[in-house]
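Asks: First the structure, which I've put down as structure tokens, then a few questions once you've had a look.
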Amino acid sequence: MARKALLALEDGSLFPCRTFAGSGEVKAEVCFNTSMTGYQEVLTDPSYKGQMVTMTYPLIGNYGVNQEDVESVAVQVSAFLVKEYCPLPSNFRATASLAQYLEEAGVMGVEALDTRMLTKHLRTKGAMQAVLSTEDLDPESLVKKAGQGPGMVGVDLVQEVSCARPYIWEENRIGEVLAPGEKLTREFAFKDAGTKPKVVVIDCGVKFNILRRLTHRDFHLVVVPAKTRAEEILALEPDGVFLSNGPGDPAAVTYVVETVKQLMGKTPIFGICLGHQMIGQALGGSTFKLKFGHRGANQPVKDLATGKVEITSQNHGFCVDAKTITDPDVMVSHLNLNDHTLEGLCHKELPVFCVQYHPEASPGPHDSDYLFDRFRKMMRTGKPPVVDAA
Ligand SMILES: NC(=O)CC[C@H](N)C(=O)O
């Protein structure tokens, strides 16, 4: 049964709404996503940990949910805010409704919220903490709660979503998991790899579609926890290392930055989103919080080497500050054409490159899929892809 709910932002703004799934009270940063489809991928993307998400597309739920379109094993968002929920899904792949899915996950879904007003407000005022509640409908009390406690800055959320133990990725699912207390060995990591390129994925909250796109290139993948040390990774003698996306403030994940510094020059490295932010820091740069972030499936990005523009899928609230990339051996490879922020880096000598956006899409356009081929070529040649583009 629908219950009255209230969303309160830390600046005092109020958005009345009602539930279509769950109830309770939750505090998180509120952000908006402009993708027209792909709500299940958004809900299960671990990069959204610590955030409640609103979709700007006004009708959500019309194709239900299924078993395949997941980006991780759980619903990761703190709450889901929509304009209008569609209670009668119609799609041949649907196995449940979105409401059932959120209920089971224990995540609140609300509708009848003025998502256009909320989005315009966040665009003007910037990202904000918020509280969504069905228990406390007192505006003053909720606004006060929204303003309390830490926001996103300085908080390491990677530890909440990184895998507990290394595992092998099989085509479309998690395969063998390393037994508790067992040491990570080359025997475990690559025993069935054969002649496939052997890649270690550092899991900061990896989206499954990245793993799917990598296996599509015939890579053999072992996924390891974010805290795995560089020497443990190098002992596996991989052909390359992939740094995943992930939630929260990249500046708080210092241990991964340290690992990247130690890996650079010893193995080819490719990073996406948080992975890019880790590499950016390891190359001497620093990150900052964007006013309201990029979350959607139509962000234009220019590849500066080829001049081509890609329409990209994105989900990030932080960004590497281009001004802080001063090493002459590092080049900015991609720029966002909306706000001219940094979207990609490439080392000129070492086999290291990364992008802020999501070439695996899911949801989104596939324009940037070629980057996985660049990674493959870089592993083969040992040279950075800047050579490619010249
Ligand atoms: N998708 C991601 O990896 C997000 C990276 C980081 N948490 C940010 O918000 O900028």
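In case you wondered, yes, glycine gets a Cβ from its N, Cα and C as well.
From TrEMBL, for reference:
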type     : residues                                                      : note
REGION   : 1-197                                                         : region 'CPSase'
DOMAIN   : 3-133                                                         : domain 'Carbamoyl-phosphate synthase small subunit N-terminal'
BINDING  : SER47, GLY246, GLY248, LEU274, GLN277, ASN315, GLY317, PHE318 : L-glutamine binding site
ACT_SITE : CYS273                                                        : active site, nucleophile
ACT_SITE : HIS358                                                        : active site
ACT_SITE : GLU360                                                        : active site
Asks: Take the domain 'Carbamoyl-phosphate synthase small subunit N-terminal' (3-133) and count its residues per DSSP category (helix H/G/I, strand E/B, coil), listing them in that order.
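Replies: Summed by class, the stretch gives 27 helix, 47 strand, 57 coil.
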Asks: Could you tell me the C-alpha distance between GLY246 (L-glutamine binding site) and CYS273 (active site, nucleophile) in angstrom, no decimals?
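Replies: CYS273 (active site, nucleophile) has its Cα 7 Å from the Cα of GLY246 (L-glutamine binding site).
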Asks: What is the number of other Cβ atoms found within 10 Å of the Cβ of GLY248 (L-glutamine binding site)?
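Replies: The Cβ of GLY248 (L-glutamine binding site) has 27 Cβ neighbours within 10 Å.
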Asks: Here's one to test understanding: among the active-site residues CYS273, HIS358, GLU360, whose C-alpha is closest in space to the C-alpha of GLY317 (L-glutamine binding site)?
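Replies: Smallest Cα separation from GLY317 (L-glutamine binding site) among CYS273, HIS358, GLU360: CYS273.
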Asks: Rounding to the nearest whole angstrom, report the longest C-alpha distance spanning SER47, GLY246, GLY248, LEU274, GLN277, ASN315, GLY317, PHE318, listed for L-glutamine.
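Replies: Those residues reach a largest Cα separation of 13 Å.
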Asks: With the Cβ under 6 Å from ligand 1 as the test, give me the qualifying entries from the recorded positions GLY246, GLY248, CYS273, PHE318, HIS358, GLU360.
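Replies: Among the recorded positions listed, those whose Cβ sits under 6 Å from ligand 1 are GLY246, GLY248, CYS273, PHE318.
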Asks: Would you report the average pLDDT that the model assigns to the domain 'Carbamoyl-phosphate synthase small subunit N-terminal' (3-133)?
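Replies: Summarising the domain 'Carbamoyl-phosphate synthase small subunit N-terminal' (3-133) by its mean pLDDT gives 98.
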Asks: Apart from SER47, GLY246, GLY248, LEU274, GLN277, ASN315, GLY317, PHE318, which residues in this chain have a Cβ no more than 8 Å from the mean position of the Cβ atoms of those residues at the L-glutamine site?
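Replies: These residues sit around the L-glutamine site: ASN245, PRO247, ASP249, PRO250, CYS273, HIS316.
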Asks: On a C-alpha basis, identify the one among CYS273, HIS358, GLU360 that is nearest to GLY248 (L-glutamine binding site); the candidates are the active-site residues.
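Replies: Comparing Cα positions, the candidate nearest GLY248 (L-glutamine binding site) turns out to be CYS273.
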Asks: As a test of the contact definition, list every same-chain residue at least 6 positions from PHE318 (L-glutamine binding site) whose Cβ is closer than 8 Å to its Cβ.
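Replies: PHE318 (L-glutamine binding site) has long-range Cβ partners ASP249, PRO250, ALA251, GLN277, THR287, PHE288, LYS289, LEU290, GLY293.
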Asks: Write out the long-range same-chain contacts of CYS273 (active site, nucleophile), meaning residues 6 or more apart in sequence whose Cβ is under 8 Å from its Cβ.
Replies: SER47, SER244, ASN245, GLY246, ASN315, HIS316, VAL355, GLN356, TYR357, HIS358
Asks: If one measures from the C-alpha of GLU360 (active site) to the C-alpha of LEU274 (L-glutamine binding site), what distance in angstrom results, rounded to a whole number?
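Replies: Just about 14 Å between their Cα atoms.
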Asks: Measure the Cβ-based neighbour count of ASN315 (L-glutamine binding site), defined as the other Cβ atoms within 10 Å of its Cβ.
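Replies: Step by step: centre on the Cβ of ASN315 (L-glutamine binding site), count other Cβ atoms within 10 Å, giving 28.
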